[in-house]
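Annotated features, as they stand in TrEMBL:
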- 16-477: domain 'Aldehyde dehydrogenase' (DOMAIN)
- E252: active site (ACT_SITE)
- C286: active site (ACT_SITE)
Amino acid sequence: MIVGQKEKGIFINGEWRDSYSGTVRAIINPATLEKLTEISYGGKEEALEAVEEAKAAFPSWSKKTARERSTFLYKAYEKMLENKEQLAQILTSEQGKPLTEARTEIESAASYLLWYAEEANRVYGEIIPSSKVNRRSLVIPQAIGVIAAITPWNFPASMVTRKLGPSLAAGCTVVLKPASQTPLTAMAIVKIFEEVGLPKGVLNLVSGDAKGVGEALTQSPDVRLITFTGSTEVGRELMKNSAQHIKKLSLELGGHAPILVMDDANLENAVDLTLASKFRNCGQTCICANRVYVHREIADSFVEKLAVKVKSMKIGNGIDEATVIGPMIDRNAVEKAAEHVEDAVHQGATIITGGKEWQGNLGGHFYEPTILVDVNDQMKVMNEETFGPVLPIETFDSIEEVIEKANQLPYGLAAYIMTESTNRVFQLSEALEYGIIGVNDVFPATAEAPFGGIKESGFGKEGGKEGIMEFVEMKYVSIGMTN
Ligand SMILES: NC(=O)C1=CN([C@@H]2O[C@H](COP(=O)(O)OP(=O)(O)OC[C@H]3O[C@@H](n4cnc5c(N)ncnc54)[C@H](OP(=O)(O)O)[C@@H]3O)[C@@H](O)[C@H]2O)C=CC1
Ligand SMILES: O=C(O)CCCC(=O)O
C-alpha cells in the first residue's frame, strides 16, 4: 500500500512539520522491501521544542475536568474503530504482520482509549482519618506533568494507545517518539486526535533519530516521566540517563516466556495455544513463548501434533488474507533467528520443521516457523530473547524441576501454564517469577488488566486501574486547624 510520496512525520503544537535539517527516512514494507513513503525525520532539536510545547499546554489540559478529557479519548476511540480497515492496512504495510492480526491490534489499541476514557473519571484521592484532633490529612491526585512515550515497532498501534490513553486521561501532556521502522501507524493515530480537536500542544510526535530524541527526553528536566516499551538494553540506558533529574520511569522490556505443559493438560488445546503464542507476529511479541517445557509423558504426542500444524502454516505477505506467517521486521531479525537455530543445532538440537530462511518470491525478510527438540539450557535460544519464529521444546519430569527451569533467567514478563488442575494453577502461578501468568490462555493483554514485568523485564503497569496511576502523583496535604 502506497501511503504517499512524502509525509511529515513531526507534529508539534498542532502543526505537521519537516525537520530542521531536512532529513527524511524511507519507510519500507518488510514483506517486499518496497518503499512505502518517506517521512521527515527529526532529532534532538525537534524533541526539545516538542517538550516546550507540551509544557506550555500542560496547565490548561491538566485543569480540564476528567470528563472533558475523557470526551476526547472517547471520540478518538470511535474514530479508530471507524477507520479500522485503513489503519490495519497501514500497520501491515509497514510492520508486516498478517492483516487479521493487524485488525485485532487496532481493536485492542482502540480499547485502551475507551478504557481510559472511563478511568479518567475514577482517579480518586482520599481523606485519611487523622491521629490529631486539629489536623486533617488529604491525598489529592495530580497529573505528573509532561511525559515522553517511546514505542517499539512490533505493536505500532497498541503500544502507542496504551501510553496515550492513560497519560492523556490523567491530565499529562505528551511527546511521543515512535519506532523509526513503523511511524506511519503512530502518525495516523495522532491525526485522529487532531481530527477530534485535541488542544494544540497536548500531544506531540517526533519521528526521528533515537539517540538525539532520547537525549533530549532524558536530559530535559521538564519531562517528568518516560514510558518505554522495547529492549532491556535501551531500557537500561534510559534508566541511567534519567538519573540526573530523578525522572519517573515505566519500562516494559524484553521477555523470554516459558510455556509449561503439564501432564494433565488438554493436549489439543495446549498445542493450539502454544502455536498461537509462538507464531503470532512471527514470534516478534515480547510476551510470546520463547521456550516450551513439556512433561516427558506427553512430549512425543505434543511435538507430533504441533509439527503437523506448524508445517501447514501459510507464509507470505501479510496483506494477503490467507497469510498466517508474515515477514520479520528486518534483516537483523532474520539473522538473529538463524543464529539461534545454528547455535542450537551445533549443540545437539534437532530441527523438526523449518530451520531456514523462507525462499518465497516476495523479496522480504522471511524465516520459516521452526520447531527444535533435544535442546538444553546452554543454548542461546533458551537464554536470549529470539524475537522470531523459533520454538525450542525441552522435556521435564517433576514440578520442582520445571519451576526452577522457568525461573532461571533474568527476565520476568510473562509465563504460561497448560493444566486442568486447580491445585497446579495456584501452585505454579505463585511460584513463577513473572509479572503476567497465563493459565490455558496466551493472550493476557487487555485494557482492563495490569500488564507489566518484573526483574529485567521492567516495572510499571499498562492497562487496568493501575495503568493510569503511573501518570499521577498522590500529593499529601496536611491541614492544621485552630479550634
Ligand atoms: N518488549 C517489547 O515489546 C520489545 C522488545 N524488543 C526487543 O529488543 C530487540 C531490539 O529491537 P529494537 O527495535 O532495536 O528495540 P529498541 O529497544 O532499540 O527500540 C524500541 C524503541 O526505543 C527507541 N530507542 C532506541 N534507542 C534509544 C535511545 N538510546 N534512546 C531513546 N529511545 C531509543 C527506538 O527508536 P528507533 O526505532 O528509532 O531505533 C524505538 O522507538 C528485539 O529484537 C527484541 O528482542 C523490541 C521491540 C519491542
Ligand atoms: O508487549 C507486547 O509485545 C505486546 C503484547 C500486546 C498484545 O498481546 O496485544
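Including glycine, each Cβ sits where the backbone N, Cα and C put it.
Those TrEMBL annotations? Automatic predictions, nothing curated.
Source: prediction; values computed, not measured.
For C286 (active site), applying a Cβ distance below 8 Å and a minimum sequence separation of six or more within one chain yields N154, T229, E252, L253, G254, G255, E385, L413, A414, S457. Within 10 Å of the C-beta of E252 (active site) we count 28 further C-beta atoms, all protein chains included. Taken together, the residues of the domain 'Aldehyde dehydrogenase' (16-477) have an average pLDDT of 98. In the three-state DSSP scheme, C286 (active site) falls into the coil class.
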